[in-house]
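What TrEMBL says about this protein:
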type	residues	note
ACT_SITE	C78	active site, nucleophile
ACT_SITE	H141	active site
BINDING	D38, D39, C78, D288, N289	Ca(2+) binding site
DOMAIN	30-354	domain 'Sulfatase N-terminal'
CARBOHYD	N203	N-linked glycosylation site
CARBOHYD	N423	N-linked glycosylation site
MOD_RES	C78	3-oxoalanine (Cys)
SIGNAL	1-26	signal peptide
Amino acid sequence: MAAVALATRWWLLLVLSAAELGVTGAPQPPNILLLLMDDMGWGDLGVYGEPSRETPNLDQMAAEGMLFPNFYTANPLCSPSRAALLTGRLPIRSGFYTTNGHARNAYTPQEIVGGIPDSELLLPALLKGAGYTSKIVGKWHLGHRPQFHPLKHGFDEWFGSPNCHFGPYDDKARPNIPVYRDQEMVGRFYEEFPINLKTGEANLTQIYLQEALEFIQRQQAAHRPFFLYWAVDATHAPVYASKPFLGTSQRGRYGDAVRELDDSVGRILHLLRDLGIAENTFVFFTSDNGAALISAPRQGGSNGPFLCGKQTTFEGGMREPAIAWWPGHIPAGQVSHQLGSIMDLFTTSLSLAGLEPPRDRAIDGLDLLPTMLQGRLTDRPIFYYRGNTLMAVTLGQYKAHFWTWTNSWEEFKQGIDFCPGQNVSGVTTHSQEEHTKLPLIFHLGRDPGERFPLSIASIEYLDALRRITPVVQQHQEALVPGQPQLNVCNRAVMNWAPPGCEKLGKCLTPPESVPEKCSWPH
């Protein structure tokens with residue numbers, strides 16, 4: 001109710017200001033621009049302490065806005081976290097999980113049968129109620145079959161791909177990933193949209209940047225409020241950058257990709273200023289999950305002082321870089337210690353538009369406007385899920401682990417390591433260890449690296465457990481999981497013949513195949 005009241009007061013101020021100026025008609029709500037990176041870690045920005053200091057534009061964005069050092073994704077993997085952003089709900093509520101194994105991560109590869117259900121209400125569809133035009137640029141990753149297309153879930157425009165830029169493939173076992181403009185394929189990665197795996201050269205970030213700039217200019221000229229979801233993937237292995245940026249970073253090819261993304265953000269913010277709409281555009285920068293240490297150091301980033309990375313529910317897999325920017329509204333140079341979530345972007349965006357979240361379902365995202373505009377802090381839990389399993393929860397400064405593991409001994413012996421150089425005895429285990437009766441509890445303020453669990457005999461441990469236990473019980477008792485979407489795979493549903501392939505002569509014949517259980521990493 002407090003968030004709704006704040007949004008109402010904000011709209012009232014706009015109406016009164018318009019009346020004083022003699023402006024007729026309803027005030028236009030602010031534009032909304034969400035910049036979502038892929039596998040970028042908390043420690044990849046200069047403002048978070050990266051020693052090379054190669055992100056001047058993002059550092060300046062933070063200096064002009066608000067930095068969130070305690071901002072979290074909803075899942076340590078790409079597809080579920082993106083579902084959470086656009087629905088405002090934990091992935092287990094929307095079905096973005098698997099029951100094929102306990103505490104298994106899952107996503108949407110080419111062979112996945114499922115995707116975002118029609119029953120889910122996505123942010124762009126709701127923003128239509130306030131007159132917004134919406135575009136997604138980059139990776140969708142919420143299902144690639146026709147019923148899961150972003151234009152069927154509220155977006156008006158799309159340039160990008162349904163899956164990650166893995167490849168190249170031989171078009172026999174599997175096809176190369178298609179790139180879409182709106183409803184039709186306009187080419188495929190490694191074909192019309194080349195990526196040189198040897199050199200790392202690709203122009204995709206520049207293409208995605210031009211798509212963003214053109215969309216902003218077009219909507220500003222039409223005086224329409226817009227929502228732009230810029231979901232670029234250059235920092236996901238195999239990382240890439242355009243030729244002018246290759247070889248320019250102290251950090252190697254991954255740093256080249258970060259530098260190009262930083263430059264792109266700078267150009268976007270510069271355009272907003274040039275068009276005179278910076279003060280009417282809310283911009284938020286974050287990442288979908290932690291840096292993929294399995295690909296580091298050549299193809300992965302940094303999670304700073306935090307433990308492990310992508311795929312895990314330790315801080316390195318879940319805590320993200322986050323910057324809010326809205327000149328004239330968010331005071332410059334602020335640091336907020338609010339526990340934030342990627343799901344908050346859903347609720348905050350609706351509040352900016354003067355809309356309320358749906359009342360017929362559980363919404364996990366908070367409205368961050370009171371935090372950003374008034375410096376208010378709200379006590380709330382952060383739940384860490386891996387697949388269908390609640391692994392941990394943070395409340396205040398305390399984090400309780402109910403299950404711990406990184407990945408299996410079988411994978412680890414094959415060289416797959418989610419926590420390279422970070423072994424913590426009894427914590428970064430390669431078997432699933434249950435702690436539901438006596439959780440491992442860490443004080444994240446004193447021990448952000450989760451290396452020193454509190455003694456279970458200490459008063460501090462018992463006090464923390466006493467606070468956390470009812471919060472977890474209430475959450476689990478009220479939870480209604482969605483129908484799992486990431487259980488079934490079928491090679492026949494891969495991107496063999498996307499809409500528009502006939503015009504390009506790029507239609508392929510799917511193999512005979514039958515549905516089967518997806519096999520997820522363990």
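Placement of Cβ uses the backbone N, Cα and C atoms for every residue, glycine included.
What TrEMBL says about a protein is an automatic prediction, not a curated fact.
If you take the CA of D39 (Ca(2+) binding site) and look 10 A around it, the recorded positions you hit from C78, H141, N203 are C78.
In this structure, the recorded positions under consideration are H141, N203, D288, N289, N423, and the one with the smallest number of other Cβ atoms within 10 Å of its Cβ is N423.
Other than the site residues D38, D39, C78, D288, N289, same-chain residues with C-beta atoms no more than 8 angstroms from the centre of those residues' C-beta atoms, the Ca(2+) site, are M37, M40, L77, S81, D233, H236, S287, A292, K310. Rounded to a whole number, the distance between the Cα atoms of the residue listed as 'active site, nucleophile' and N289 (Ca(2+) binding site) is 7 Å. Ranking the recorded positions C78, H141, N203, N423 by the distance of their Cα atoms from the Cα of D288 (Ca(2+) binding site) places C78 first. Neighbour list (D38 (Ca(2+) binding site), Cβ cut-off 8 Å, at least 6 residues apart, same chain): C78, K139, C164, A231, V232, D233, A234, T235, H236, S287, D288. Note on the domain 'Sulfatase N-terminal' (30-354): its mean pLDDT in the predicted model is 97.
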